[in-house]
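**Q** Sending over a structure as structure tokens; questions will come in a sec.
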Amino acid sequence: MLISASTNNLSLTHEEAQDSAALIMELLDKEDQGYIEVSVLKSVLKASLPKGSSSSNSQLLMSTPHNLHDDDDQEATKLARAEILFRSYWRRGWIVSIWLIACLSLFVWKFVQYRNRTAFQVMGYCISTSKGAAETLKLNMALILLPVCRNTLTWLRKNRWMSSILPFNDNINFHKLIAGGIMIGVILHGVTHLACDFPRISGSDPSIFRQTIASRFGYHEPTYMEILATTEVLTGIAMVLLMAIAFSLATKWPRRRSTLLPLSIRQITGYNTFWYSHHLFILVYVLLIIHSMFLFLTNNVTEKTTWMYITIPVLLYAGERILRVIRSRFYEVDILKASIYPGKVLSLKMQKPEGFSFHGGMYIFIQCPQISQLQWHPYSLTSGPQDDYLTVHIRTLGDWSHQMYSLFQEAMLKGLKGYPKVHIDGPYGAPSQDHVKYEITMLIGLGIGATPFISILKDIVNGVQKENCDNANCREYSLRKSPSKAYFYWVTREQSSFDWFRDIMKEISNSNQNQSVVEMHNFLTSVYQEGDVRSALIKIIQALHHAKNGIDIVSKTPVHTFWPTKLVQHISKIGSETQRRKNWGFLLRAISISRRIKEIVHQIFNQNYHKICFS
């Protein structure tokens, strides 16, 4: 047993192995002889192996969805895929379409406007192109702030009608898309000025220059270097350099300190570098205002419209940052308990500030002044909305989280009276809170990505417990819509990960009232697949332990642990049981999703359950 556990990367103590051996003897040694024949154990092992166990994972993965449909359903499957694409992308589609139409309209309007001006005689289509690009830049410099106004988005998300038509879950993706639009606008605007407009001004025919734009230059035809030395050009070049730094350090490789980067560059990159460099935008907006006040070709104040575009977004974003600073002063929370789990996971149980309310699936920002006064990092809440405390689980994945883990580990080892000070800000809306929209919710979390679902499960459990409550607060809570059924699938690579939420799993599982509403299943990918001889003995002792004690020997909770190949059958079974229900909610969250799990999810839902609503 110990060898079998070690082969499957499981932890099994000698005492547990002895208990398991006793259970097998109790099952097979009916005559109380004190021993069993090898042939008897061999027959039990054979019985534990399913028929056709020699099939490979890929064969099972491909055959399971196929058998659920007849060949004559291929046309329906194609329509189902089209419906899935429409349901998944229509919100993004209309927002991006409006954005593209707005950019194109502004570009064409300004292009045509300068096509009919005297400056066109000197610079031609170069001036029209650069001015058209400048107009789109004004719009995008205003829009790029809106997706990161988290308080505003959280407030808007509460409106059911707004959240049904606006893709709030894609705010960061839209932020990146606009950044791409700004990059294109900067290239068009800057390159046409530097490579076309300015050379044509400095080298224009003197007679045409005097008849057209000479008054804007004091009737002196400037050289190329004189143009570059002007306030307009210097501020423009400075903005481009600052934006290039921020944009480059925000890309995937530098932000995650990829090993593909040279060592010399990797040493100065990372999340902290990305975070601080992104705040160069403050200087960019100051330079943008100065840049817009000095224009070569006009003194007309009505044409200096940059401030009109950016005033409201800048004030809104500044107000949000000020609100965060003020709120964080009030939300200096006391740490009630700190726990360290395998995999370098830090769990913090914090005092819940007065008036702090949230929905399951939301997240907060955490700041530790001992590490940095400026850095705030988002973490999903793992406590329920009705709990009188807040909990988060922080896995060490970067510089800040590593420092946080070390600080609390040191405080716990030294037995210090108090923990390091922590400030919180929030709560903020997240995609996971969409679970309330659906009658049936399926939650699939991979590793530490399961954190928001723990809060959701506790929210659903609390809702069930308070249905018959007479208290006014309970009645108000019970009026909230909540799923009638929730399925939770937690897929993890290491057995030690089950320690993270063991107490919560036990709390939910121990209530028989909740079993009809919440179903939880664990999947461990380190164990050899079902049907493999190397995991057969583990499966036997797991079944015996659960039958006698009601506890799964792998997770040490009442929640049964399965091997990865069982995930297909489990989800397929749920789909067949709930085909009559139209309102599905499917939430998948993973910090590091494996290719195999991604294939399973895509095949099952793309080929079979076209009634599903994706979040």
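Here, residue 1 is simply the first one shown, and the rest follow in order.
Just so it is clear, glycine is given a Cβ too, placed from its N, Cα and C backbone atoms.
From TrEMBL, for reference:
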- 94-112: transmembrane segment (TRANSMEM)
- 177-195: transmembrane segment (TRANSMEM)
- 233-253: transmembrane segment (TRANSMEM)
- 274-294: transmembrane segment (TRANSMEM)
- 306-323: transmembrane segment (TRANSMEM)
- 328-434: domain 'FAD-binding FR-type' (DOMAIN)
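Show me how these features fit into the structure around them.
**A** Residues 128-129, 131-136, 138-140, 143, 166-167, 174, 177-178, 181 of the same chain, all 6+ positions outside the transmembrane segment (94-112), place their C-beta atoms under 8 angstroms from a C-beta of that stretch.
Nonlocal intrachain contacts for the transmembrane segment (233-253), taken as residues 6+ away from its ends with a CB within less than 8 angstroms of a stretch CB, comprise 179, 182-183, 186, 190, 193, 198, 227, 260-261, 269, 273-274, 277-278, 280-281, 283-284, 287-288, 290-291, 294.
Remote same-chain residues near the transmembrane segment (306-323) are listed as 138-139, 141-143, 145-146, 148-152, 285, 288-289, 291-292 (criterion: CB distance under 8 Å, separation of at least six residues from the stretch ends).
Here the domain 'FAD-binding FR-type' (328-434) has, by DSSP, the following mix of helix, strand and coil residues: 23 helix, 40 strand, 44 coil.
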